[in-house]
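Q: This structure is in structure tokens; I'll ask about it shortly.
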Amino acid sequence: MSDILHGLNDKQLEAVTHFGGPLLVVAGAGSGKTRALTHRIAYLISERGVSPWNVLAVTFTNKAANEMKQRIMKLLSNGDVASVIDGFGDLLSMGEIDKLYDHGIPTVGTFHSVCVRILRKNIHLLDYENSFVIYDSADQQILVKRIMDNLNIDPKKINPKAVISHISNAKNQLLGPDDYSQYAA
């Protein structure tokens, strides 16, 4: 039995070795879903010959994504990958983990980090620079307040949150600044 399959219970083993179609694992908290998933990814790559570049694992939190990356790297730690991992020590930063993708580690991340990676890789197709920044809600408020201050607009008369809401609505309607100006009073 492969080292990757060692220590799995019967249900996990069934999930990890399933091949030939989609698989849905439904189980409660603490039941070993992450263990089964990370072992499955390592199994597909090492035992079934699936290219790491054809594997995408997406989760909700950075903590879960980093945990999955660490587990997968440990399971796949052989040859070139092992030497690269050993060079980084026990804890890897996001930048160090990103470097591992060049050495056959599959893409694992949050919905946001995976989408940003896709955008950065392909943004040139839209004639944009890949050095863009994504603003969270706090960044948006700071920027809108700064712009309003530069334009001498009293935030008591025009609420910065309302401005952000209008911008969001315009984006949802695919209206650029020129298109939206016809709605401005």
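The backbone N, Cα and C atoms fix where each Cβ goes, glycine too.
Annotations for this protein, taken from TrEMBL, read as follows:
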- Ala27, Gly28, Ala29, Gly30, Ser31, Gly32, Lys33, Thr34: ATP binding site (BINDING)
- 6-185: domain 'UvrD-like helicase ATP-binding' (DOMAIN)
Q: Can you tell me how many other Cβ atoms are located within 10 Å of the Cβ belonging to Ala27 (ATP binding site)?
A: 12
Q: On the 0 to 100 pLDDT scale, where does the domain 'UvrD-like helicase ATP-binding' (6-185) sit on average?
A: 85
